[in-house]
């Protein structure tokens, strides 16, 4: 692969001779055996890397919603999210039959091919990154395969020289009863007769063996064509795992181009969602200083609520906490003037006004783009917070990632989370699902699901405000309806009484739902 910019970088990965796009990309689906050989600019290199990362992270987020993998609902949610992110062409690709030959089809296949190999470079550096990349790429492969037509599947098999032959009718007749009883997808004997079966080594379909959905005999599995994806998914995983191992050995050669190496090294920690910049979203000043404490109780995510409580009790906060919390406040709309007053008040018991102005005010103005290079700094994402280094005296970080489990349970109990809910959160934390644990906390504290998952503290705040606003709207609508009914049907007073408080009932119901 070759990258062009002010300097050229030629990788040591073997490239192929450039041919026509039709010859290079005859099918929507690929095993990515051969690296691309085209030249691209550094800007396009970064753009393709971010595009692929968005796709894989979207798959990650869809998986957290609890939908059955590869189901119609799962695939529909993935398609909708990709379109929302402006990746309509890739949404079309994952729903393609595999046989299109238009210029648009060929170009998106090329982007798919190149972006895969760029991310393969970025994710081959460690075992943890390799596992993450391999798992999401396999999910992507499987869902794309389900859209292929019969012609598309046949072409994919031919292009990749996959010679899986179905068993003969004589063998199928001999094993007919066994195939019916052992194959999950066969609902009747007629289904067995209507489907082809493939005889493959059982190690090629371990997922089917594990779930007891396939007939085994003599070290071979007899797989119906409806489960062909299980075979091909294993082939894909083996090829990709081998390719990433080879790539890992070649990574030192990338250090020759510092720009490319730095991009690849930091890619996993980069944030690909909405930036939540108050200046960008024009909501600066929408949150007043006297609202911060109340908002912290109802709409701040645990990481920010913890920082607010730390500042109130300690009257000081180290640099990491000031950056994490200060940019969050900026993102929800706190103005620079109010931010300076907020931190001045918070530090007042230990720091006089002169010392505050000398040691801390510059940094606050700098975060708002009023000092130094005047950069409009954006709030930290969940990923950045989770990956951050936290010392013993630091208050920042993610409570689910950086807190001792017993301390986390005490903190949640102090925030009135029910014991059963605390145990659910603790189970997710013990499995390393920190953002899922945060989403569970959101559900417990709001009585509502956060369908999009939690990927950013400011997204948590926006979702919380939306839920609370909707509940207030319902309460106001119910109250208005009650007044109208009272005016038009005075006799109802005898039934309901004069002291019915619908808003109080709505609050009580919210508390019941939260528990």
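Using the three backbone atoms N, Cα and C, a Cβ is placed for every residue, glycine included.
Copied over from TrEMBL:
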BINDING   303, 382, 398, 438  [4Fe-4S] cluster binding site
DOMAIN    295-461  domain 'DNA primase large subunit C-terminal'
What number of additional C-beta atoms lies within 10 angstroms of the C-beta atom of residue 398 ([4Fe-4S] cluster binding site)? 26
Cβ-based isolation winner (fewest other Cβ atoms within 10 Å) among the binding-site residues 303, 382, 438: 382
For the domain 'DNA primase large subunit C-terminal' (295-461), report the average pLDDT of the model, please. 92
Near the [4Fe-4S] cluster site, what residues other than 303, 382, 398, 438 in the same chain have a C-beta no further than 8 Å from the centroid of the listed C-beta atoms? 301, 302, 385, 386, 399, 400, 401, 434, 435, 454, 457
